[in-house]
Amino acid sequence: MLSAVRMTILLLAYGLYRSSKCWVVGFCTALTCGFLIAKIFIFDFEGTKSSNNPLSYCLIIISFVLSWSETWFVDFKMLPAERKWKSKAAKYGRGYGSTYIGGRGLRPDDLRSIMTEDNTFYSPVDSNEGSDFEDDGTSRSPRQRSAQDNDYIRLARHAVEVLWAYLHSPDSEWTLEKGASEEEGVVHSKKVHGVGKVFRLKCYIDIPPQELYDYINAKPEEQSDWNTTVKECRVLQVVDDHSDILYIVSNEIGGGAIQSRDFITLRSWVRKNQILLSAGMGVKHPDMPLQKNYIRGHNGVGGYCYAPHPTDPKKTLFYWFMNTDIKGWFPQKLIDANLASVLVDFQRDLTRQVAKVTSKGGQSTLAQANQGSSES
């Protein structure tokens, strides 16, 4: 029983909460030693069975040795090694320490293709010169760029490359999760090696790609007004003319089974071959440390794609690719089912909002609203 208690305390402290304090193992060792000392005085070693069984003595000696060996290992091996690796990450990985969150994203310097579970590679399509949005003469970021800004820009380009690769991956490699057709919204998923499960929403929206892009991209703060999956969204920092950093708080999902999470997302937008991309990935930001009211989730590379409808120029073939780690202890099937529902709910909310806005005076209403937002 004492061993089970000791194991539970250590797993909670160093496994779940990732503590770097040595007093936890010290407390467990003191508790174990106290129990063993009390047992030495109370236990009847002169009993008939005990006197003929040397294992009774060996168990106490072994318990002492194991508890102190465990203390030595944690205090002199595990904790110093963790501090050493954290120091290396901060020293050599400025983009991966203060800016980049590893684990569910791939390092941009190392990524030249995306490997799926069946070892199929997708090479990102290179951007032609002038393929991104041209400078309109007004800069959103007039200040001089810092080293961290350059890291953000590098990661933003990486996110665009990965999103472009997702968009052009064959449909045969995506597994149906929810929905039946693009008209109503259909969700697929696939596992990507080194990344995890990526979800894809594919649907048609009754508005041209440029106007839909302008409406969603230009006013992220208004998403909580119509998007039921978002509780709060605001811009933390403008990095350059084509990228910024958002702070997003999600609403509860699964009827409250999964509580609200907050995310910090680096967002970047470009145009490639008549397709508008708004790519994003999770980063760290000095102005938004962990919040006590929310569990900090992490977004892998994902984002929105706005492609022309094959036959109707007044419609958009819309994609949302999502790869997220909501943290916490939940069954994977529960997470997958609820994330698929989040994408479907977003498509429903977006369709309603577009219909609501366009019904007030045609599609030009969106363009006028976005123009007013840009001028302000």
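Along the chain as shown, residues are numbered 1 onward.
Cβ coordinates are placed from backbone N, Cα and C, and glycine is handled just like the others.
Annotated domain 'MENTAL' per TrEMBL: 1-131, in sequence order.
With a threshold of 8 Å between CB atoms, the same-chain residues lying at least 6 positions outside the transmembrane segment (21-42) that come near it are 2, 5-6, 9-10, 13-14, 60, 63-64, 67-68, 70-71, 74-75, 79. What TrEMBL records for 21-42 (among others) is transmembrane segment.
Proximity of distant same-chain residues to the transmembrane segment (54-74), defined by a Cβ-Cβ separation under 8 Å and at least 6 residues beyond the stretch ends, is recorded for 6, 10, 14, 22, 25-26, 28-29, 32-33, 36, 39-40, 43, 45. Taken from TrEMBL, the feature transmembrane segment covers 54-74 (among others).
According to TrEMBL, the feature region 'Disordered' maps to 120-147.
Confidence annotation: the domain 'START' (145-359) carries a mean pLDDT of 90 in the model. Annotation source TrEMBL lists domain 'START' at 145-359.
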